[in-house]
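Undergrad: TrEMBL lists A:Leu16, A:Gly17, A:Cys18, A:Gly19, A:Thr20, A:Val21, A:Gly22, A:Thr23 with the feature NADP(+) binding site. The NADPH binding site annotation in TrEMBL covers A:Lys110. Taken from TrEMBL, the feature active site, proton donor applies to A:Lys210. Residues or ranges marked as domain 'ACT' in TrEMBL: A:360-437.
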2 protein chains.
Amino acid sequence: MLDAPEGAPDLAIAVLGCGTVGTQVVRLLTEHADDLGRRIGRGVRISGVLVSDLDKPRDPAVPTALLTTDASALIEGADVVVELLGGTTTARDLVLAALTSGASVVTANKALLATSGPELYAAADTAGVDLLFEAAVAGAVPVVRGVRESLAGDRVQRVLGIVNGTTNFILDEMTTGGLDFDVALTQAQDLGYAEADPTADVDGHDAAAKAAILASLAFHTRVALADVACEGIREITAADIAAARESGGVIKLLAVAERVPATADRGEAVAVRVNPVILPTAHPLAGVGGAYNAVVVEAEAAGRLMFYGAGAGGAPTASAVLGDIVSAARHRTHGGRAPAESASAALPLAGPADVVARLQIRLLVDDRPGVLAQVATVVAEHGVSIESVRQQVSDEGAAVLAVVTHEADEASLAATVEALRTADGVRRVLSAHRVERA
Amino acid sequence: MLDAPEGAPDLAIAVLGCGTVGTQVVRLLTEHADDLGRRIGRGVRISGVLVSDLDKPRDPAVPTALLTTDASALIEGADVVVELLGGTTTARDLVLAALTSGASVVTANKALLATSGPELYAAADTAGVDLLFEAAVAGAVPVVRGVRESLAGDRVQRVLGIVNGTTNFILDEMTTGGLDFDVALTQAQDLGYAEADPTADVDGHDAAAKAAILASLAFHTRVALADVACEGIREITAADIAAARESGGVIKLLAVAERVPATADRGEAVAVRVNPVILPTAHPLAGVGGAYNAVVVEAEAAGRLMFYGAGAGGAPTASAVLGDIVSAARHRTHGGRAPAESASAALPLAGPADVVARLQIRLLVDDRPGVLAQVATVVAEHGVSIESVRQQVSDEGAAVLAVVTHEADEASLAATVEALRTADGVRRVLSAHRVERA
């Protein structure tokens with residue numbers, strides 16, 4: 001049944017780290033060893049599990065005999081190294097050591113890829129081995145393989161993803177319960193959906209790391225974390241969400257990477273950002289609730305594809321890690337390797353003047369004749385045209401205007417918002433959010 | 001930039017067939033040749049396009065110089081043969097000839113796989129080449145790669161798919177317009193969404209062929225078209241759809257393949273069917289409209305994943321074909337091959353007594369005291385329990401009862417429906433449809 005030569009030793013899988021995901025990976029590797037061996041064409045065995053403390057109590061799925069604190073010895077004998085340590089220092093050193101020694105590497109560590117990606121991709125290329133990371137972007141959702149392989153013959157135009165379950169959960173609670181951000185955050189923390197220090201999630205940094213990875217894959221270019229324009233959800237109010245609902249939409253935190261057309265001055269470029277977006281309810285991402293993740297990929301020939309599933313959790317993340325282990329193990333058995341992350345296109349990053357968007361700007365204005373005309377004039381002066389205006393009377397003799405623009409470049413939109421802050425009759429800019437089409 | 005040895009000739013891609021999909025494949029291969037060469041690591045060229053009539057007018061994207069009617073010569077020199085002829089006779093002969101000659105094969109032909117799959121998989125295994133068919137199941141939706149590779153380390157429990165755009169379009173029209181089947185079918189035919197002879201679509205045969213392919217992949221077993229229990233949408237009425245909506249659901253034609261647990265008498269089994277199902281609106285498949293396809297895969301560790309996209313059309317199908325061409329070409333350049341369709345598990349097919357479901361049975365009954373008790377008694381006599389009953393008074397002194405059962409095995413459910421047909425006070429069984437949970 002196996003395709004490897006008779007008597008070939010089992011492939012040695014070294015697991016670095018034994019937290020929630022590591023425990024599940026060890027459990028699945030052990031329970032499904034026969035099935036995996038058949039799918040790979042060669043037997044597999046866990047050669048060891050790297051931990052920092054041998055005596056800590058652990059899940060019985062992890063045999064004590066496999067535990068080790070000797071990273072070097074573990075990596076040296078491994079065919080596939082599975083990095084589940086997290087962090088960017090020890091993890092980087094060990095992944096580099098593994099690649100250099102000729103082992104294939106599977107990782108779920110988005111921060112590592114966002115900070116040391118180019119160095120690690122280059123090391124994998126030099127060694128001619130795999131560096132696979134399906135679990136780093138959206139948990140069990142197989143979007144990395146989708147973009148890397150299924151769409152390898154197409155041209156990706158845009159990627160839009162809900163890639164952070166914590167913020168999606170908080171926005172859901174705000175939407176269904178009419179809660180303000182602080183209340184919903186506390187609730188998410190109480191339920192264990194948000195950490196005590198929620199910064200990485202709610203300020204969009206986690207999503208930004210994933211956006212950088214997705215953009216690099218989709219556009220065959222190198223995008224670093226620092227290249228991602230990033231805005232979180234702290235400023236979203238219950239009133240923003242109510243206003244979105246009134247206009248038939250929901251607010252989601254999206255990671256967006258898009259191809260920007262060539263101009264007279266430069267070739268094609270790529271723009272990458274994370275920010276709250278108003279999605280019409282008919283958009284496939286609008287219904288993605290709770291801790292689920294989903295990524296829409298728009299490609300020239302394929303049109304709009306969506307990948308949806310559990311974005312976190314031990315077992316779902318382990319499923320993605322196992323899929324990568326099988327791929328890496330098959331390559332070591334039958335030859336071949338996954339498409340390398342060659343930055344063949346090396347697209348430049350687009351500036352705000354290159355990217356177009358539609359904006360919903362909510363303004364608190366004096367409730368008197370002439371203010372709408374004044375607002376419309378300021379918008380028009382910046383070359384932006386208005387698609388719709390809705391007026392709601394508010395409590396204190398002032399009115400709230402919700403202005404939705406037609407598509408315009410971001411630089412003009414930003415200038416419009418700035419000018420509105422000091423426009424005659426405008427008391428305050430309440431919010432300014434991008435609006436997607438269905 | 002290329003990884004093949006200097007001076008290695010370009011890989012020869014032979015395209016068999018030049019219809020809508022073939023034309024798009026030729027266009028994309030030509031337009032993106034440089035990109036594809038970089039992703040493959042070796043240049044590619046179209047060595048010829050097989051047509052039956054050289055003089056027929058064609059899209060200018062297809063260079064006349066590439067056209068040929070000589071299948072044997074075209075296949076003989078090819079590295080990758082792309083079969084887009086359709087049908088099961090000539091296509092079978094040419095695919096077998098290609099595999100035997102050592103070429104890798106990419107096909108979009110579900111009928112061919114459903115009828116000659118085992119023979120073709122075996123020929124590919126013997127030759128050690130790829131037989132790839134992403135486009136055969138759900139157009140651009142990358143579910144084949146998802147199940148074959150991303151979930152290779154997991155255990156699939158169930159696959160549920162909307163894999164026929166024509167029936168999905170018709171059901172949508174019935175739902176939004178309150179139309180009966182015949183009217184919606186005529187409308188779909190007028191718009192070009194359904195063929196003059198709609199049998200393959202509306203009776204579920206097209207979906208059944210896809211279900212057989214998905215089941216074979218998901219459960220590593222061989223499922224033939226004849227193994228798929230198949231019911232189409234001809235019997236669905238506007239009243240059925242209205243009743244589903246009243247209970248918070250929509251009716252969709254689903255292809256379902258599921259793992260059935262072992263019993264004392266036998267090991268695990270697999271059940272495969274195509275039939276109309278009532279989905280609660282919160283189910284991720286409920287919102288999949290128009291000509292879109294989507295497949296939900298439920299796996300032990302990953303949980304619920306969904307793949308969504310355009311299920312048909314020249315360009316989307318061509319995108320999936322191109323993805324497969326890149327995979328096959330990479331394997332010929334770097335070694336390796338896609339996981340083979342080894343029927344390692346060889347699960348038996350489950351019978352109706354093995355499969356559990358919930359049913360909504362709509363009955364036209366006499367509107368008099370005692371009838372509900374009579375119906376409840378008949379249901380209970382078959383060991384089936386009732387989850388809910390709703391009564392609607394109808395026009396002629398009769399009432400309509402909508403009975404939803406708890407989960408029960410299909411054999412008992414079928415016997416229940418039969419017994420209700422002749423039960424005292426029951427005038428007619430209007431419909432009996434499975435109901436999914438969200």
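In case you wondered, yes, glycine gets a Cβ from its N, Cα and C as well.
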Undergrad: Round to the nearest Å and give the CA-to-CA distance linking the residue listed as 'active site, proton donor' with A:Gly22 (NADP(+) binding site).
TA: 21
Undergrad: What is the Cβ neighbour count of A:Lys110 (NADPH binding site) at a 10 Å cut-off, with all protein chains included?
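TA: A count of 25.
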Undergrad: Which state, by DSSP, holds A:Val21 (NADP(+) binding site): helix, strand or coil?
TA: helix
Undergrad: Using a 10 angstroms cut-off on Cβ to Cβ distances, just flag whichever of A:Thr20, A:Thr23 is the loneliest among these binding-site residues.
TA: A:Thr20
Undergrad: Excluding A:Leu16, A:Gly17, A:Cys18, A:Gly19, A:Thr20, A:Val21, A:Gly22, A:Thr23 themselves, which residues in that chain have a Cβ inside 8 Å of the centre of the Cβ atoms defining the NADP(+) site?
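TA: Not counting the recorded site residues, we get A:Val15, A:Gln24, A:Val25, A:Val26, A:Leu84.
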Undergrad: May I ask which residues of the same chain, at least 6 positions away in sequence, place their Cβ under 8 angstroms from the Cβ of A:Gly22 (NADP(+) binding site)?
TA: A:Val15, A:Leu16, A:Val49, A:Val62, A:Val82, A:Leu84
Undergrad: What residues, ordered by sequence, lie under 8 A Cβ-to-Cβ from A:Val21 (NADP(+) binding site) and sit at least six positions away in the same chain?
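TA: Looking at Cβ-Cβ distances below 8 Å from A:Val21 (NADP(+) binding site), excluding near sequence neighbours, one finds A:Leu84, A:Ala108, A:Ala135, A:Gly314, A:Thr317, A:Ala318, A:Val321.
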Undergrad: Rounded to the nearest angstrom, how far is the Cα of A:Lys110 (NADPH binding site) from the Cα of A:Thr23 (NADP(+) binding site)?
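TA: Computed Cα spacing between A:Thr23 (NADP(+) binding site) and A:Lys110 (NADPH binding site) is 19 Å.
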Undergrad: Using a Cβ cut-off under 8 Å and a sequence separation of 6 or more, which residues in the same chain sit near A:Cys18 (NADP(+) binding site)?
TA: A:Val26, A:Val49, A:Leu50, A:Val51, A:Arg58, A:Val62, A:Leu67, A:Leu84
